[in-house]
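The domain 'tRNA-specific 2-thiouridylase MnmA-like central' feature in TrEMBL is assigned to 242-303. Annotation source TrEMBL lists domain 'tRNA-specific 2-thiouridylase MnmA-like C-terminal' at 314-392. Sequence annotations record features per position, and here TrEMBL assigns repeat 'WD' to 451-492.
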Amino acid sequence: FRRCHFLRLQKLQIRSYYDSRTHFPTKGDKVVVAMSGGVDSSVTAKLLADKDYDLSAVFMRNWDTRDESGSDRGCEWEKDWEDVRRVCKVLDIPCKLVDLSREYWTRVFEPSLKFWESGITPNPDIWCNKEVKFGALVDHLTQDPGFSNTPWLATGHYASKDWKDLNGVSRPRLLRPCDVTKDQTYYLSSIPEHSLARALFPLGNLKKTEVRELAAKWNLPTAMREESMGICFVGEKRKFHDFISQYIPPRPGPIIDLETGQQVGEHTGPWNFTIGQGAKVKGLKEKTFVAKKDILKNVIYVVPGTDHPALYAQSLIIRDWKWIWADKPPIELTHPGGLKARMKFRHVMSDVGCIVYTDNGHTRIDFDEPQKAVAPGQVATIYIDDWCLGCANLSLAWPPDGTSLLSTGDKAHSTILQWDTSTWPQVGVHWFSRTREVLPSAGPSVETGLPIHHHRNINAIAINSTGILVASASSDGRVLLWKFLDQQIISIFLHCGRVFSVTFSTDGKHIFSGGDDKKISQRAVPEHALPDDPPEPLALGVDATRRSNTEVCTLCS
C-alpha cells in the first residue's frame, strides 16, 4: 500500500517497530480489534486477520436508546452489532459484545451533562476514548481469564505511533496519520500512556479513499456504509436541543446584544449555545454570534457578524495539562522563548501556530494569530510537527452563590485553587491579549491557594447544597471532607486505589465516591458538620436517606 510521510517513516526503527515484543505484536500474540460496525474498523480487522496473530474482535455497547425512556427507539447499537458479526463471519474471527453502558454513563455522559448545565462545552468523544475504549475496555480485557497477558488493542482510528528513548527507556509517541484530513489524534490526545503502548493503529498509513477501495476489494459487508457523524448518544437524526431537554429542564433567559446592551431575544438554556456559534435570533436582519455566556445571570451575549473582535482571543492560560510520553512538561516551556508548537482546540479546525510556556505555575499559550470561538470546556491539544504531546483537562466546581470557583491543582502542587468570579463569568480558561490586558469577555480573576493538600492529582471536587462543605477526590486514594470558608479538614475517607469521582447526596448527609476499587462508597457526613436547619436540595443526586449502611455497593466484580 502507498505510504505517506516518507521523511517521518525513514526515521522510524522499522525492525524494532514490527519485530519487538515490546513495541509490536509478534506471531501468536493476542490482538483484540475494537469494532464499531463501520468500514474503518472492518478494514482494520481484515488487515490484522492476514497476520499470524491470535485475533478476536470486541464490540462495545456504550449506549442504548432504550435507556432514555424505557422504550425501543430503533436499537442503533443492535444494527452496529449485527454488522460487526457479519464482518467477523467473513473474516472467520471470533467476536463478542461487551456492555460498557454503565461505565459510559458515569464516566462520560453524566460529566458531560454537568458541563452543559454549567454552560461549558464538553467533548464527550475525547472522554469516551480515555475513559471507556482505552480505559474500561482495556481493564475488561486485562481481567479476562482467557488472556494470560495484556492483549494488544487495535482500533480503526486514523493515527500513528512510534517509539522514542527517554532517559534510556523506550516510550510510545502518538503521531498524526498519513491522511491528515481524517486525523483523529485530537480525540486520542488524553489516553493514558500504558494504553497507548499496547494500542495498534493499522490505518495510520492509509488514505480514507484507500480504505474504501480495500473494503470493496475484499467484499466486506460494510464497504458501502456511510460514516457516522455527531455525538453518539444524540445520534444523527435528532437535534441536540431536543435530546438534552430530556435531561436538563429549561432555564429561560435573555439574549443581549453585547454592543448595545439591549435584549434582542430569549433562550431556553445556556447549554444550547457555544461560543462562536450562530445565535439564530428571530427578528434580526443581521446574523449574530455568541460572544459570551454569563452563567450566573443566565445571559447569552451576542455580536453581529462573523469577524467581530469579541469572538477572537490572542492567548489563553490553562491548568493541569496531561502530557503523553513524558512525566513532566517539555523543558522548553521554562525557557524565555517558550516552546514553538502547533495547537488545535476543535477536531475540525486546522492546527495553528503558537508559543507555549509556563507563566506563574500555569501553562500559557500565545497564538501566532488571534483565534475565533475559543470556548471553555474545549480540549486544547499541542503538536510538534506530527507528534501529539497531550492536551488539557479541567475539573471545576461552583458554590451555590456562584461568587467563586474551585479548580483542581496540577500534578506538581496537588492543591485546589479558588477563583473570584464576581466579574468573571467565564470559568476554567482565562483569555489575555499580548499586552496582558483582559478582554471584555473574560474579566479579572483572583487566585488564592487553599491548603488542602493531597499527595497526588486531584480528580474531582464537589460542594454541598449549602456551600459550606467541600469534598475532594484524589489519586492518592483519599476523599477529603473540609469546610469551604476556613479549609478545615473534617474527615478523611480511604479507597483501595485512585478516586475519580465524588458527590454529595441531595440531603447533604452522605458522600458518594468511586474509583479503582470498582466500588461506589457511601460515607456519612459527621453530624457536627451538618447545618442545624438544612435547606431544600438545589441539585439532582442520589437519595441516600434510604440506605443506612455507610459502606459500599459493589457494582463490578
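Note that Cβ sites are derived from N, Cα and C of the backbone, with glycine treated the same way.
Per-residue pLDDT, averaged across the domain 'tRNA-specific 2-thiouridylase MnmA-like C-terminal' (314-392), gives 84. Sorting each residue of the domain 'tRNA-specific 2-thiouridylase MnmA-like C-terminal' (314-392) by its DSSP state yields 4 helix, 43 strand, 32 coil.
Helix, strand and coil residue tallies for the domain 'tRNA-specific 2-thiouridylase MnmA-like central' (242-303), in that order: 6 helix, 23 strand, 33 coil [DSSP].
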